[in-house]
Amino acid sequence: MTGRHLGLAVLVAAIWGVNFVAIDAGLSHYPPLLFTALRFLVAAVPAVFLVGRPGVPWRYVLAGGVVLGALQFGLLFEGMKAGMPAGLSSLVQQGQAIFTAGFAAVLLRERIGGRRLLGLGVAVAGMVVAALDQASRGGAAPLTAFALVVGAAAAFGFSNIITRKAAPPDALRWMVWVSVVPPLPLAVLSLLTEGPRADLRALTTFSPSAVGSLLYVAWGATLVGFGLWGHLLRRHDASVVAPFSLLVPVFGMSSAWLLRGEALTWLSGAAAALVISGIAVASLSRLRWPGSRAAGGGRAGRADRVRVARGGDGPARTPPPPRAADAAASPVRPS
């Protein structure tokens, strides 16, 4: 990976990490379900008219929109509104790797080896420490908020299974089309649960920070983030690009501390160390590193990667999709 591409990979992780701070800022103005609906509406329009067809069966687009869009982000935004800190939310969302492995084992019959099981166990221990950190903040609301964000991570994990089955040829195009699904049902749900008065007040009251937050989560985290991530994946093996997603909670927690004044406790630090190291062990143990014989090292492997990257002739144009549990290290939608 060149220095320029290395910088782009770190930049994407930073964009996705700071995204949690932008969500937190936007939730001070928009009701959570309305904010989620607007996020996907702004991400989808006008991009959906520019990116072309999704290249996958429509049932996967619909399923991805419901699970990844409405369910995952609805739960995440509700949890953060209920009191889950932005930095800790960015960490708990990495728990999607745990749920992805579980769903893949049950639904796709993928085997979890001993090393991966050890890594997932360490990550689960980190999630428990994160729950203790959230409980130490006092009151019942923080634990409820934590449960909602864990539910969002579970939905994220299930959406990875959907993505694995769909095998979209382009991550950005897939994300744009998935974004078409959630706005209408979320808007209706917002009217029913959050009330038309709250929605109307949020839509008619101008706030520069609210508009900036909306544009950041819709365009920055979605269009720019996925555009750059897809650019890197077209030029490098997933085993090279995927580990950079582990930097997301690092940027999420540090930016929440710098920009929102969130306290970094020893519990949150321990949780971050356990979750990130556990997921690294679990995810990277199954990735095939460039240059290895399994990765297709040598002349044949390089030729295959060139054909994939440049769209050469033959079946090598479409590489086989990774295992769902492996894909958790390089999620189609960090946040």
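The first residue you see is number 1, and the count goes up from there.
Just so it is clear, glycine is given a Cβ too, placed from its N, Cα and C backbone atoms.
TrEMBL annotations: computationally assigned, not manually curated.
Owing to the predicted nature of the structure, the values given are computational and were not obtained by experimental measurement.
When TrEMBL is compared with the stretches 265-284, 285-304, the one noted as transmembrane segment is 265-284.
Using a Cβ-Cβ cut-off under 8 Å and counting only residues 6 or more beyond its ends in the same chain, the transmembrane segment (141-162) has close neighbours at 60, 63-64, 67-68, 71-76, 78-80, 82-84, 89, 92-104, 107-108, 127, 130-131, 134-135, 324, 327-328, 331-333. Contacts between the transmembrane segment (89-108) and the transmembrane segment (240-259): present, as 3 or more C-beta pairs lie under 8 angstroms, all at sequence separation of six or more. Scored by C-beta pairs under 8 angstroms, the transmembrane segment (240-259) has its highest count with 265-284, from the stretches 58-77, 117-135, 174-193, 213-233, 265-284. With respect to Cβ pairs under 8 Å, the transmembrane segment (174-193) is most closely packed against 32-51, considering the stretches 32-51, 58-77, 213-233.
Taken together, the residues in the domain 'EamA' (143-283) have a mean pLDDT of 90 on the 0 to 100 scale. The residues of the domain 'EamA' (8-130), classed with DSSP into helix (H, G, I), strand (E, B) and coil, number 98 helix, 0 strand, 25 coil.
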